[in-house]
Amino acid sequence: MSEVLVLVDHVDGAVRKPTYELLTIAARLGEPSAVFIGPSAQGAEVAEKVKKYGAQKVYVVDDTEIKGYLVAPKAEALQQLAEKTSPAAILIPSSVEGKEIGARLAIKIGSGLITDAVDVEDGGVTTQSVFAGNYTVKSKVTQGTPIITVKPNSAAPQEAEGAGTVEEFAATISDVAKTAKIVASQPRKSSGRPELNEAAIVVAGGRGTGGDFAPVEGLADALGGAVGASRAAVDSGWIAHTFQIGQTGKTVSPQLYIAAGISGAIQHRAGMQTSKTIIAVNKDEEAPIFELVDFGVVGDLKSVLPTATEKVTERKG
Amino acid sequence: MNIIVCVKHVPDATADRQFEGDGTVDRVGVDGLLSELDEYAVEQALQLKEKADGDVEVTALCVGPEKAADAVRKALQMGVDKGIHVSDEAIAGSDYAATSLVLAKAVEKAGTETPVDLVVCGMASTDGVGSVIPAMLAERLSLPQVTMASVIESQGDQVRIKRDGDTATEVIGATMPLVLSVTDQSGEARYPSFKGIMAAKKKPVETWSLSDIGVDAGEVGLSVAWTHVEDTTERPPRSQGEVVKDEDGSGAGALTDFLASKKFI
Ligand SMILES: Cc1cc2nc3c(=O)[nH]c(=O)nc-3n(C[C@H](O)[C@H](O)[C@H](O)COP(=O)(O)OP(=O)(O)OC[C@H]3O[C@@H](n4cnc5c(N)ncnc54)[C@H](O)[C@@H]3O)c2cc1C
Ligand SMILES: Nc1ncnc2c1ncn2[C@@H]1O[C@H](COP(=O)(O)O)[C@@H](O)[C@H]1O
């Protein structure tokens, strides 16, 4: 069986959940191999983690010559690894960085690229959600080695014992790949809440919060969910851009999405329309968000949310 | 300085966007416009021009069918100096790879007299939302990519941008020539003024075919695309559930009951 390369999603060696989802998907297409681009000293530790999700091989690409630059060196490393292993497919996390690595790699190796897949079946048929979630598209790569970027939450990680054999891979990084330098990097502070991409429950606030996110955060915490926002709230400077949901923010597909003080513009819907259950709280009964809801409250979020938070906390006892 | 800004003509996101039978985007049935996210690219290109010391020429470059000329015109109205519209029947149905090839060849041609210093793109097209063309262009042109910029600073041939990533906020630096892409956090795009609309009528627009840029018709289009759409299905519209009016605090109770009934508590 051919190998399927999975680019490990990690922050300073801490493996992130999408990696396990990708390994699970990779097993449908061939034999999962993890590719860890990071300090080689961390290779063994990463291998211990990814072998639990079926990684047979773990290619460790030391990042001393890679980490100071934007995406191009990573694409080169993957190109060289692809040439060595002739994989059946290459799976990459669908982050901003992942998509750009995939883009460069696709041109380098002359292979088709599919971005933002929410599912990949055996045979390599991908599912994407497009036009603001209004359409589902199935596609396939028809040229070269399929390169597929996969969105978080696209598969439930399945434990499977892999050999996890570590193989150091020395990539040669060219000078042209080292031209966009990372001059400074400031890690994002954790909010202590679940990651927006991964959360089962998301409570989001919009312009209707008037800038006070406390009611939104309170309900999110009572339900153990993440906090999100509309662009209007982000543009007003009330909350950081990383919390924005929609076309130019994150796409989420949680079990439960609660929109408070959000009108439901198409660009916002693009980021949340595929959520399983949708609830809205809005003063205006004509707000388009109500067209999408499983349950809605026409009312002032400033009173509805805090009272609901109290009641939820009470019930939980 | 020679700046090219890549602008795409897309079906209006607020209209009922659809697919053709062959899996390509319906670009006829729905009104098109300059991708809103590319307005931010035009804006930043114009600001770079306004801030620069020397002579700067900004050219809007668009690959697309005849109607796509509208996107070029809008960019001219906003203030870019001239337009290039690459249009050829053979391009229809092109995927990312072919589109980036056509754009790259057009950028090369646009730089034959005065080399191109900057290629500015939007963060994503509002129809495909791939966010991959800028990286592909950088790859094809062997240029540095400084992408997804929310803040752009330039001094001489040095460019620095701020990029808000998933896990970190980064400052990226590179030397021109380079490919830059900008997000919708980079600052509101200007509206065309009446003067701008009038001036745009006199600005030069060149229309190039594939042979003008030295691309073989067999390298692009639907039939040679590296990916194939097997099927497109419209998602059934969500059916509206119960909506209650909050009276005397009843809303919160009903909401909590609903949450409990769905086992979220
Ligand atoms: C290219 C482009 C990209 C975009 N990308 C995104 C994106 O990624 N994400 C996104 O969200 N938007 C995006 N937008 C913006 C989008 O079009 C809307 O402008 C935005 O979503 C509106 O945010 P909102 O619903 O919070 O504000 P509004 O539309 O102003 O709605 C506020 C709502 O709050 C209600 N309200 C007010 N007070 C209260 C109260 N006390 N209690 C309860 N309800 C109250 C009002 O009735 C109203 O419905 C984009 C736009 C463009 C052009
Ligand atoms: N057909 C096109 N013509 C001109 N520019 C384009 C075209 N397609 C994409 N672009 C540019 O590439 C950016 C990203 O597009 P995409 O990768 O399709 O999301 C857009 O914001 C445009 O700046």
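Each Cβ is built from the backbone N, Cα and C atoms, and glycine gets one as well.
TrEMBL entries are annotated by machine, without manual review.
According to DSSP, A:I262 (FAD binding site) sits in a coil region rather than a helix or strand. The FAD binding site annotation in TrEMBL covers A:R207, A:230-231, A:244-248, A:261-268, A:N282.
For A:4-187, the entry in TrEMBL reads domain 'Electron transfer flavoprotein alpha/beta-subunit N-terminal'.
Spatially close to A:H268 (FAD binding site) yet at least six residues away along the chain are A:G206, A:S230, A:R231, A:I245, A:G246, A:Q247, A:I262, judged by Cβ distances under 8 angstroms. Summarised as a single figure, the pLDDT of the domain 'Electron transfer flavoprotein alpha/beta-subunit N-terminal' (A:4-187) averages 96. Residues from the set of binding-site residues A:Q244, A:Q247, A:I262, A:H268 situated with their C-beta under 8 Å of a chain B C-beta: A:Q247. Ranking the binding-site residues A:I262, A:A265 by other CB atoms within 10 A of the CB puts A:A265 at the bottom. Ranking the binding-site residues A:Q244, A:Q247 by other CB atoms within 10 A of the CB puts A:Q247 at the bottom.
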